[in-house]
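Novice: What TrEMBL shows for this protein is this:
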type	residues	note
TRANSMEM	B:26-45	transmembrane segment
TRANSMEM	B:51-70	transmembrane segment
TRANSMEM	B:75-95	transmembrane segment
TRANSMEM	B:133-155	transmembrane segment
TRANSMEM	B:162-181	transmembrane segment
TRANSMEM	B:211-231	transmembrane segment
TRANSMEM	B:252-271	transmembrane segment
TRANSMEM	B:277-301	transmembrane segment
TRANSMEM	B:308-325	transmembrane segment
TRANSMEM	B:337-361	transmembrane segment
Amino acid sequence: MIGEGLTIRGLRVSFDGYTAVDGVDLDVHPGDLRFLIGPNGAGKTTLVDAVTGLVKATGSVRFGTDEGDGTELIGKPVHKIARLGIGRTFQTATVFEELTVLQNLDIAAGAGRGPLTMLRRRKGVPDAVAKALETTGLTELRDRPAGVLAHGQKQWLEIGMLLVQDVRLLLLDEPVAGMSHEEREATGELLQRVSEDSRRTVVVIEHDMDFMRAFARSVTVLHAGKVLSEGTVAEVQADPKVQEVYLGRARDEESTAPAAAGPPGEKPTPTPTASAQEA
Amino acid sequence: MTTTSAPTTTPAPETASERAFDRFRVPGGFALGAVLLLAVAPLALSDFRLALLAKYLCWAMVAVGVSLAWGRGGLLVLGQGVFFGLGGYAMAMHLKLADAADTGVPGALPDFMQLYGTGEALPWWWAPFANPVFALAATVLLPMAVAALLGFFVFRRRVRSAYFAILSQALAAALAIWLVGQQATTGGTNGLTDFQGFFGYDLDDPANQRTVYFIIAVSLLLLMAAARQLFVSRYGELLVAVRNSEERVRFLGYNPANVKLVAYVVAAGMAGLAGALFVPAVGIISPALIGVVPSIGFVIGAAVGGRGSLVGAVLGAIAVAWAQSTLSDAFPAAWTYLQGLLFVLAVGFLPGGLASLGAVVRRNRSRTRTGTRSGEAA
Amino acid sequence: MSGLSFSRRGLLAAASAVGASAALSACGAKTGSGTSSDAAGATADTSGSTVKIGLLNSLSGTMAISEVTVHNALLLAVKEINAAGGVLGKKLKAVSQDGASDWPTFAEKAESLIKEDKVAATFGCWTSASRKAVKPVFEKYKSLLFYPVQYEGLEQSPYIFYIGATTNQQIVPALDYLKKQGLTRLYLVGSDYVFPRTANKIIKAYAKANGMTVVGEDYAPLGSTEFSTIVNEVKGSGADAVFNTLNGDSNVAFFKEYKSAGLTAKSMPVLSVSIAEEEVKSIGTQYLEGQLTAWNYYETTPGAANEKFVKAYQAEYGATKPTSDPMEAAYISVYLWKAMVEKAGSFDVAKVKAAADGITFDAPEGKVTVDGATQHVYKTARIGKIGSDGLITEVWNSGKPIKPDPYLKGYDWASGLS
Amino acid sequence: MTVILNQSFTGISIGAVLLLIALGLTLTFGQMGVINMAHGEFIMAGAYTTYVLQESISSAGVSLLVALPVAFLVAGAMGALLEWLLIRRLYTRPLDTLLVTWGVSLMLQQLARDIFGAPNVQTRAPDILTGNIAVADGISLANSRLFILGLALLSVLALTLVLRFTPLGRRIRAVVQNRDLAEVSGIATGTVDRMTFFIGSGLAGVAGVAITLVGPIGPTTGTNYIVDAFLVVVVGGIGQLKGSVITAFVLGVLQSVLEYSTTVSVAKVIVLVAIVAFLQWRPQGLYTLRTRSLA
């Protein structure tokens, strides 16, 4: 079904001879909430980087909407890819710290504005921005500089920025890393709400297996730059290849993972990035 | 890449009461400035002092552009001398040609060309500057075109900000060297000097000198108004966003190169206009105003006064220029130390400049409060 | 919104201001109408028991190296004149302004001296560029400038007295000397600015008329310190001598490179016109011994007047301090002005100018006479050789003071120059 | 043919000076990303060190040799002090560092003026370094330039060895590649920064000693070279010694050939334009450390 959702064929990314993504095929359809999991170094973030034009890649990445056939993304500059309705977040929330929440969202909403609009002062709150404020629950904080927001709120703001962009493909890189339990719940619900719109395709990179099991509609497991397994949460958990990868890893890390014998979802996730971000 | 410049001003929190204050404060301050520049100064100052002020206001005009490009956009524009010089030379070439035409000799060359030139016809690239409209337009458009060209290449390839600063300096050095080398057509180190008239008015007449002052003062006010509009516009917000995180802006579908380019080109145009008005006010334009050192000098005022604050940058530029001309006679050595110290203290320890002193104090007082509040929210 | 109302008000203010300026400019004089000249003249304040004179030198910046020495010489002259009773019974008060090696600053400070301090005359400037920058100011206010440095000629402002040599008192005699020595193939090396370019134009015209050849010509940007290519070219050119118009720091790098290339004063002498005693000290005699210079004065110039000058200067500023041509010219410029004022019996600029012609002074460089028509000075040209002790000793002089000829009108070969 | 050879040799000798003055910057700018405008004043300090030593040691050759290590220590200490006082507070603000160190550079120049006087001072070169060696007919190499070339290559070698094989060098590289990780691994990054700065500035001091053989020694000695030195590192690529080495010689030869065929001024302008064009093609310079830390 080329032309609907994200279609990746034979994607390959290498850095100085090291192949980070090694021939990945992937299809994600609108309305899906796809989780991309895999051990560190599996190529998850690089895959997203390649889709959004941040790193050079070979192969084919197409993204189609209901309005038209998929356009080839490989070779396009970052901002042009973004204008096709593809948005992403980063492991570390990057919002414009010196601007207010409202200003952040307004900028996200305005990529297509003409020069005259740009040179004028913003009047009131655009509808899309008001709606995103509501969806993300940030209405109260809209005049706060984004730099003083709590970690979870920044992630929500980032997602809000993707919403006002009217993004059709959301690529979220570890959105709940470093969040408290309540924040995770709230984020998960937010993601479900967002992906209920059948025009949207959501891809989430995640380490947190509890979070994945609670909210994923489908899962792809990457390992060493290749797709290892794909299916529903239950299917993937039952896949012996997946178990082996995670068991193999767990054996090396016995000290940190005493419950290694269980299925991957029960494995405690040692994520250094997450702990670093809590500061 | 994350931001490379220090956090300077956080945009004013837009609570209702502060907005009302803002509504009063900005036009009020502007009106006060206009009264000071257009009424008080001409009445209170001697012709000589007024002429000096005119010169300082030219620096201030450059500082307005620096405040936009550096203060808002985080682009350290270390080559403003280039644009100041281009504007100045465009104006000076016209005045020289007008003076030559005034001699009544048909086809007369500007005086310095008769001395140092080949004695032949006017170089082709001088000819259009005889037209006042062309020359006036060129004072602003020429610097903008050069900035657009350079900016296009530099920003497009995501050259690191540090490289940009060094390249700007190198460009300033190159232009100065080139101008000095072309003595027959640019006057070399001497620059262009000894102007008789300014669009038909005798520059020796004090009344006309005063008019030049008024033109400069009004231009400065207009530039400040224009810059202020850019600051508060959506573009201004976007510019801060680019400074905060260029990569993030790109993922929102903007091309940050273009965002930066606009600020850079506008700042160049402002420097060009300043250079053009400097010529009738001071009576000279020379390569000495273009090289690396003057180009850094254009930044110091904005740094001291506060790069993120328009008024701070303008007052800083005027204050530094004033200090230089008053202190350097009495204490030439001490002034050099002071100048160095100003850079170290203003940029190193008070990146918001003097304009941020109040805000720094306020922030320190309210830090505990903000801390608790964001804690609650989390 | 406030942004809009703000802009509207800004425009209003601007519009009214433009109206105001238009009204003002209506009163201003048009070019060539001649009405302005009466208004612009400045009057010196000579009413009190002291008279102010302005000293305009770069005390900071790149030119300070040279200009501070001139400043010192000027102060010495003022001190001596005051000790001897002043001028017309009034003591002189020197007001120093720093030109900061920046031409627009020179113009600003000149105006400040004339308008704010109301000085009777101003002494100073070094580079041609600074002189060109202040020239309109002195002409506008009809105030006098005494300029102490050798320069490229082709100038004759009614309000400037040129106390240093013009080209026919330095460059032309130097060429005469080289010709006489049989050094007819010249290589020209200079800094890239007015003086060297004009000097080289003259040299080329002279060479053409006198059977000499210019085998090469190179300019280095001011302050340039990389001379390997130029020296390489000089070496391969087969020239008899180098005519050097480099300025400042560049000389150091040039001569170090010159020696490294194996070129010597014997194999290919260099005749320099911008290297005086002070510069010799900073380049090093190791590199300069035996090379030639062209000036009107050396520290070693014989005569009682010079002995007195050198002694007084070293007593004031230190026994190791050398004296040089520009310093001497600055020193005598104050004395020449004093003589003019005394002859005129007034500080009035017009009267001083009228009294200038024929004023003589027994200067350290020998007798000098003011030429009223050109406002230059008759000076004796002297070619010197740099010794191992850092002093320059005269090897040739023009025998008598040469009449100044800034436009080289008395030289047939120079007819096409200006 | 002679001309081409001659200009190539001249170019190499220009390149040797460029390399030596840029070498310290490959550490402080290249490795640490600090734009230190006062680097030129460390060169000046090295030159004045030579002058001061010559006042007390009469033999020009001995004093020059003694000056090399002493200038390294003097300039290095100045650099370490500057790092400790100012630069370490500004690591997250590279552009501000540029302006702050420019201010420092102004003050150091004035300090030199106050101590040594505004005029240039002179040093004597040992006789052996004022001569030249004839390579072929009409082609000769100045001994001073050969000395500088040797000194530059020796310094490159020493720096490479230090970075590769000493514990300090390993720490420096560790901090450059991943500051956080280095810190977590127990490396005192503050001390390493100071040491890096010490070595980088010290190399500027050594360059200052060499400069006395070819150029003037005065308060503005450093500023004459600083922009050129930065351009070498920019074109060579951040963090790569070999990039700077190649660039210095290429720029030297380019400059020399252009000077020969045009004028010095035009040559300078063309070289600068060429650099801008080159950075279009390779914005990261000739060689670059590839990392994926883009976001």
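The backbone N, Cα and C atoms fix where each Cβ goes, and this holds for glycine too.
TrEMBL annotations: computationally assigned, not manually curated.
Values in this document were obtained by computation on a predicted structure and should not be read as measured data.
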Novice: Count the CB pairs under 8 A between the transmembrane segment (B:162-181) and each of B:51-70, B:277-301, B:308-325, then give me the winner.
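Specialist: Per the Cβ under 8 Å count, B:277-301.
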Novice: Mind checking which residues of the chain, 6+ beyond the ends of the transmembrane segment (B:277-301), have their Cβ under 8 Å from one of its Cβ atoms?
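Specialist: Tertiary neighbours of the transmembrane segment (B:277-301) are 51, 54-55, 58-63, 66, 70, 76-82, 84-85, 88-89, 91-92, 95, 168-169, 172-173, 175-177, 179-180, 187-195, 198, 203, 209, 212-213, 215-216, 219, 271, 313, 316-321, 339, 342-343, 346.
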Novice: Take the C-beta pairs under 8 A between the transmembrane segment (B:26-45) and each of B:51-70, B:211-231, B:308-325. Which stretch has the highest count?
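Specialist: The listed stretch sharing the most Cβ pairs with the transmembrane segment (B:26-45) is B:211-231.
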Novice: With Cβ distances under 8 Å as the criterion, find the stretch in B:51-70, B:75-95, B:211-231 that has the most pairs with the transmembrane segment (B:308-325).
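Specialist: It is B:51-70 that shares the most Cβ pairs under 8 Å with the transmembrane segment (B:308-325).
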Novice: Are there residues at least six beyond either end of the transmembrane segment (B:211-231) with Cβ under 8 Å to its Cβ atoms? List them, or say none.
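Specialist: The answer is 26, 30, 33-34, 37-38, 41-42, 50-51, 53-54, 57-58, 60-61, 64-65, 67-68, 72, 198, 201, 203, 239, 263, 266, 270, 273, 277, 280-281, 310-311, 314.
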